[in-house]
Amino acid sequence: MDFLPLFHSLQGRLALVVGGGEVALRKARLLADAGARLRVVAPQIHIELRHLVEQGGGELLERDYQDGDQPGCALIIAATDDEPLNAEVSRAANARGIPVNVVDAPALCSVIFPAIVDRSPLVVAVSSGGDAPVLARLIRAKLETWIPSSYGQLAGLASRFRNRVKELLPDLQQRRVFWENLFQGEIAERVLAGRPAEAERLLEERLAGGLAHMATGEVYLVGAGPGDPDLLTFRALRLMQQADVVLYDRLVAPAILELCRRDAERLYVGKRRAEHAVPQERINRLLVELASQGKRVLRLKGGDPFIFGRGGEEIDELAAHGIPFQVVPGITAASGCAAYAGIPLTHRDHAQSVRFVTGHLKDGTTDLPWKDLVAPGQTLVFYMGLVGLPVICEQLVAHGRSAQTPAALIQQGTTAQQRVFSGTLENLPQLVAEHEVHAPTLVIVGEVVQLRDKLAWFEGAREGA
């Protein structure tokens, strides 16, 4: 290890920046964020750097650097394109025992700047010792996606209650277990879900009760999207990896299910047409029962849980029993599959509105407002429309839609197995019947379908047309 990682307190202390350009500005911003008072020396100073120094009550010295600029400084930055000057600044700083950083010259540095993930008061630093700064920045970018922005609020909450917890739990091991449970439990989830006041109230109640409590479970109603794991939200992935129990349905792609916590219990509660592995009422009760046992329960649904996903029924049951829950939206099949098929759902020249419709047949027919569905200037998206496709196309034509209206059926959209069958209301049912097609599928009807010929960009499996 060439450099020892340390965090340097600069609150109210003087920091010298030699240089007045873009690079100096970037370094000065970091120093200002850390509470340093800036002294900037350069013949010409960037306008934004000038404003930064003036706002912080610092010093602007519009002239060449002088050796007498260093005394009293806690840190010195050389950020010029003059190599001899940078070397002189480094030599003088080292002679005085002042930490110095010379941009892009590790050999002249006694300290270096890491790539920083700022979730103050939580701060993560990544460094390659100056050998591969681009790699360090790439790692930082990954960390930025993995660490929720609200972790700073969570750390702040812990800081405010640290002394009280220490009084209640004088034993170090007990405190460690307490904080581990807090950072992985319901209080942390309230903060991460954007409900910090509720989290603080729960923590107050727990401390007032002398820390004796029963674990309270929670239900995460999470939309898994249309199939491609890359379309999951950060929050969905985080909750998937911490749940104790997973209830998943048929539309959740195997690749997405594999991202759940490895040791979590998995319960399949999927439904097929006229065949419910677990009735909806039983699913509702299961969610309540499991959460009442103190478990973190993931209800994982394909697409978005509030679009033909019966998510409203499930959280209504949870609310009735006082079970904490949170809902994580997912990319619904309509937007995901249409995008991957190259079909914009709205377009200035073809469709000014879009309508999501259930295509599910009951007793061989559909009870839909057909007169409204044939209005011009709209795109229709039918969920669960594979079996009812002939009826859907027939009824649209019977109520006034042209038989030549473009229409498409998408199978397993957004995945490597995606297939798209393009045709018209007149011939799409026959086209699909000539191929072996299985759910999940989505049907899109409207003039926008014809744009697929130009806009298709994602090639999945062999297409139907």
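Glycine residues also receive a Cβ, built from the backbone N, Cα and C atoms like all the rest.
According to Swiss-Prot, the features are:
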REGION    1-203  region 'Precorrin-2 dehydrogenase /sirohydrochlorin ferrochelatase'
BINDING   Glu22, Val23, Pro43, Gln44  NAD(+) binding site
MOD_RES   Ser128  phosphoserine
ACT_SITE  Asp249  active site, proton acceptor
ACT_SITE  Lys271  active site, proton donor
Practice problem: List the other residues in this chain whose Cβ sits within 8 Å of the Cβ centroid of the NAD(+) site residues Glu22, Val23, Pro43, Gln44, in sequence order. | Solution: Gly19, Gly20, Gly21, Ala24, Ala42, Ile45, His46, Leu49, Ala79, Thr80
Self-check item: CB within-chain contacts under 8 A for Ser128 (phosphoserine), separation at least 6
Solution: Leu135, Ala136
Quiz item: About how far apart, in whole Å, are the alpha carbons (Cα) of the residue listed as 'active site, proton acceptor' and Glu22 (NAD(+) binding site)?
Solution: 53
Practice problem: Quick one: give me the count of other CB atoms within 10 A of the CB of Gln44 (NAD(+) binding site). | Solution: 8
Quiz item: Relative to the Cβ of Pro43 (NAD(+) binding site), which residues of the same chain, six or more apart in sequence, are found under 8 Å away?
Solution: Gly20, Glu62, Arg63, Asp64
Exercise. Please find, for Glu22, Val23, Pro43, Gln44 as listed binding NAD(+), the greatest distance between any two Cα atoms, in Å.
Key: 15
Practice problem: Give the sequence-ordered list of residues that share a chain with Glu22 (NAD(+) binding site), lie 6 or more positions from it, and have CB atoms under 8 Å from its CB. | Solution: His46
Quiz prompt | Model confidence over the region 'Precorrin-2 dehydrogenase /sirohydrochlorin ferrochelatase' (1-203), averaged pLDDT | solution = 93
